[in-house]
Every structure is written in C-alpha cells, then in structure tokens.
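Accompanying notes for the structure given below.
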Amino acid sequence: MGRLLALSLLGIALALLGERLLALRNRLKASREVESVDLPNCHLIKGIEAGAEDIDILPNGLAFFSVGLKCPGLHSFAPDKPGGILMMDLNEEDPRALELRVSRGFNLASFNPHGISTFIDSDDTVYLFVVNHPEFKNTVEIFKFEEEENSLLHLKTIKHELLPSVNDIIAVGPEHFYATNDHYFSDPFLKYLETYLNLHWTNVVYYSPNEVKVVAEGFDSANGINISPDKKYIYVADILAHEIHVLEKHPNMNLTQLKVLKLDTLVDNLSIDPSSGDVLVGCHPNGQKLFVYDPKNPPSSEVLRIQNILSEKPTVTTVYANNGSVLQGSSVASVYDKKLLIGTLYHRALYCEL
C-alpha cells in the first residue's frame, strides 16, 4: 500500500512538472519563427556590441542608451566589461554613439544598467533614472544630465524592499517614478522557480521620497513601462503573458486597470512616438532562443507599432522583423523625427531612417 501511494504521488508530481514545462514553452513561444520585415535605410550602430537594452529620447533629439546588461544565466558578448550610458544626437547628419562620463564617487566597475527613463523639470533640468544591478542587486540611480560636458552627475541611489527585482522605470518627477518588478523574489533560484510555476506575483511600484507602494499586481512578469503623452495612463508590458496592460493613473498615483491588449509575441520595452502617441514595442518572437543562446540559431527580433491603444480595436503592425542574421533579441524601439533606433538585450543596435 505504501509503495502504491509513493508511486501515485510520484506520478502526480511528474505530471505536474510536465504540464508546467509545456506551459513554459508556450509562454516562451518556443516554436515560433518570424518572417523578415526589412527597412531600407538601416545600419548597425558603431560602438554597441553587447546590447542596448533600453533607449530613451529627449524632445530635443538626444538619445540615451543603456548598454552592457548582464544577468545570471543570460548570454553576454562582453561578460567582463562594465555597463554604461551612451548618447547619440539624432539631429546630426551622421550621428554617433558616445559614452557619457559619470561623476567621481560612483562605482562604475559594478555599473549594470537595465531600464532607463528621463524627466525634465520645470527649470529644464534633465534627470536620468537608471535601473542598476550592481553585483546582481537592485537599485535605482538618479543622475543629472549635464549637456555641455556630456556627463552625468550622480545624485542618489535608491534601494527599497518593494523593489526586489526591478526591470524598467518611468520617471514622473525629480525623485518620483513607477517601476516594474519582473520577479517577486530576488534570489536567482527562487526566480527560476517562480517563473517555472507561473505564480503571477510580479507588480508595479510607485516610489516617491514620502511614499512607496504597490499600485498594480498579478502580472506573470512585468517588464517595460511607459506613460501616455497626456500623462493619464500607464502602459505595462507583461512579457511572458504576451500582453500590454493599460492602467489609469489617479491623483494619488494609484493605478486601475482599464484594458489588456493580447499579442502573439514576448513584449519587452515600450516607447511612445511623440508625434502620434503610438506605442512602439521591442519584442522577442521566440523567448527560448533568447535565454538558451545558440550562435547557429540565434534569437530573432521584432518591432511592433500600436496605434490607438485606448480604442476598442487598436491597430497593430510589424515595423521590423529579423531572424537574427542582423539583429538578435530586440528589446526596445524608439523613434524621433523619422529616425528609428532598435536596441537589443545583449547584441547590437540598429539605426534606421524611415
């Protein structure tokens, strides 16, 4: 009887593990292939060889790149090189990406930037918010951008128990932001277990010097985040659920869900086209290729444009797609004055004239 019970329990456990594995493959879109959608006037950006996970562009055309992200278990083409922040002036005829100097006292050796966001204060001061993973920990760094010196002055490091696994950030004040946690846990093993079991414990946090609180939760893996041009709505990408959530922002900074847009790809960072309000999405057509890197079968890239996201039937079009022969693992796409920048998790970055 005891052996029969043990065998029954083992069978149930194996069935559960098999079901979770199959569900994970579906969440990763492990069988999906992508057909190329090319743009005619594109070239790879010199100086970006190991990823530009996030990009943010100021209204004056200065673009910031978060480069060199490293995460446990994730492929890297420059595992021993610290990350950094690059800048490109999109008003130039032949723009180049230049690394910004960072003020003394900031630990550049462990700089591991992830999501970024800019905020322009009423006195035109430009702040750059950077999700940082020094030694795979979680902080948010606030810098002041000094344009004349092409440098960043470090102002503040933020750590908080409600920010255990920060992915992306959208600044809404000089020390105020919304941030996504892509996992509930910070321990690497527990992160893997959480993803495998599909717990839906990730969230969005609002941070200010006076208040820190969870404002949205229940995501599979909350990832990219941005804000509508009128500042009334927050957009959140749930990468493993293949969804973009539209949330209404209230005066007390709480969020309530308005709608969910379901897509057929892993949605990463979100950017807003300033001329139209359209949402540009850096996507991973096949997540298994992204996380289990094979140079002979590299991860593909995909960029979507979403028009009228607040309407009942938004229009979704593919702006760019590549099987990995040019660009591997697209994570972000940002546009300024008919110029498109596409960044990747750990590969190159693309500049296109539309």
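Cβ coordinates are placed from backbone N, Cα and C, and glycine is handled just like the others.
Whatever TrEMBL says is automated annotation, not expert-curated.
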Cys352: disulphide-bonded cysteine as recorded in TrEMBL, out of Cys42, Cys71
Cys42
Sequence-ordered recorded positions within 10 Å (Cα) of His114 (active site, proton acceptor), taken from Cys42, Glu53, Asn323, Cys352, are Glu53
Restricting the comparison to the recorded positions Cys42, Asp54, Asn323, Cys352, which residue's C-alpha is spatially nearest the C-alpha of Ile116 (Ca(2+) 1 binding site)?
Asp54
Taking the centre of the Cβ atoms of Glu53, Ile116, Asn167, Asp168, Asn223, Asp268, Asn269 as the Ca(2+) 1 site, the remaining residues of that chain with Cβ inside 8 Å are Asp54, His114, Gly115, Val131, Thr180, Gly224, Ile225, Ala237, Ser331, Val332
Here's one to test understanding: among the recorded positions Cys42, Asp54, Asn323, Cys352, whose C-alpha is closest in space to the C-alpha of Asp268 (Ca(2+) 1 binding site)?
Asp54
